Amino acid sequence: PLMLLFIQVKCYHEIITIGYRVYHSYDLPWFRSLSWYFLLCVNYFFYGETVADYFATFVQRREQLQFLIRYHRFISFALYLTGFCMFVLSLVKKHYRLQFYMFAWTHVTLLITVTQSHLVIQNLFEGMIWFLVPISSVICNDITAYIFGFFFGRTPLIKLSPKKTWEGFIGGFFSTVVFGFIFSYFLAQHQYFVCPVEYNSETNRFVTECEPSELFQMKKYSVPPLLQTVLGWETVNMYPFQMHSIALSTFASLIGPFGGFFASGFKRAFKIKDFADTIPGHGGIMDRFDCQYLMATFVHVYITSFIRGPNPSKLLKQLLILQPEQQLSVYKTLKSHLVEKGILQPSLRG
């Protein structure tokens, strides 16, 4: 999370600095301070949500934190309103339009950087494999698309990036799918990569120990008749996650590059070569992560839509926060439900 926070802050700084330079807004009253204040507010909100979701038992033991978590959204909103009022008070007649330009610029930048980095953290808590496979697929696609384009490229792909070719785009797609499929196979064998990251309140550290879900248990699949004649196999053993890796790799190679195209269009619009010069010869941090932000959002949506079911561990943490009478009510309701389904005997006393 600290590394993600550093990358997020650097990307935010690079985009905001472009706004300052393009609109010559260095003399706007309070605006540089307000830009960083809004970043602080949004990070406070998102990191607070993460603490409330994944550190419930830790929070339960500390009375001061209980207050902050209970009223977290109200405090976050109050902090944002403070910044909003400060912005209104800072408006100067001769700079109205410019100030609203920069206000919108700041909020769009927050949406691009902070929201996406929050989603990356959410993906990490689902298991390291949901972070490593997507990010590696994007990197693989960048490299293989360049190689195929360099050696076989003839047909221009898009005017925003004249060096991009259809040959590189297609070659990068097939290479990335194969890479993702093989890389997933090796990661799926290790608990450290497939288990959700959970906070152990007894040891005060994160743990990645679990009984791997069905996604990460080897299964036998029938090979389609058309491929049986080519491969000579009737069945194949593989992890179900490898099928999902195809979807992740496909997005990384077909849609992910459009994040780069978007960044290219953005830089052309403001007549700049790179977002910054943080990395000598490679531009800024944002130049390296332009495709990753789209990927983070897709992975989060994919997990919530097709993978994630009810989380017993997370539900248990929420139950432990309830008052004793509320916990007893939940217990009685659950017991009644289990008796009705025939799982428990009516005579069972608890």
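The backbone N, Cα and C atoms fix where each Cβ goes, glycine too.
Note that TrEMBL annotation is computational and uncurated.
Worth saying up front: this structure is predicted, and the values here are computed from it rather than measured.
According to TrEMBL, the feature transmembrane segment maps to 30-47 (among others).
Under the heading transmembrane segment, TrEMBL lists 67-89 (among others). Listed by sequence, the residues of this chain that lie at least six past the ends of the transmembrane segment (67-89) yet keep a Cβ under 8 A from its Cβ atoms are 30, 34, 37-38, 40-42, 44-45, 48-49, 51-52, 59, 99, 103.
The transmembrane segment annotation in TrEMBL covers 101-121 (among others).
Per TrEMBL, the feature transmembrane segment maps to 127-153 (among others). Within its own chain, the transmembrane segment (127-153) is flanked in space by residues 120, 163-173, 175-176, 179-180, 183-184, 187-188, 192-197, 208, 216, 241, 245, 248-249, 252-253, 256-257, 291-292, 295-296, 298-299, 303, which lie at least six positions past its ends and keep a Cβ under 8 Å from the stretch.
What TrEMBL lists as transmembrane segment is 165-188 (among others).
When Cβ-Cβ distances below 8 Å are used as the criterion, the transmembrane segment (241-263) is approached by residues 129, 133-134, 137-138, 140-141, 145, 158, 160-161, 164, 169, 172-173, 176-177, 179-181, 183-185, 188, 194, 215-216, 275, 286-287, 290-295, 298-299, 302, 306-307 of the same chain, each at least six residues removed from its ends. Annotation source TrEMBL lists transmembrane segment at 241-263 (among others).
Panel annotation: around the transmembrane segment (101-121), residues 1, 4-5, 7-8, 11-12, 15-16, 19-20, 23, 25, 28, 31, 34-35, 38-39, 42-43, 46, 49-50, 87, 131, 293, 296-297, 299-300 of the same chain, lying at least six beyond its termini, place a Cβ under 8 Å from a Cβ of the stretch.
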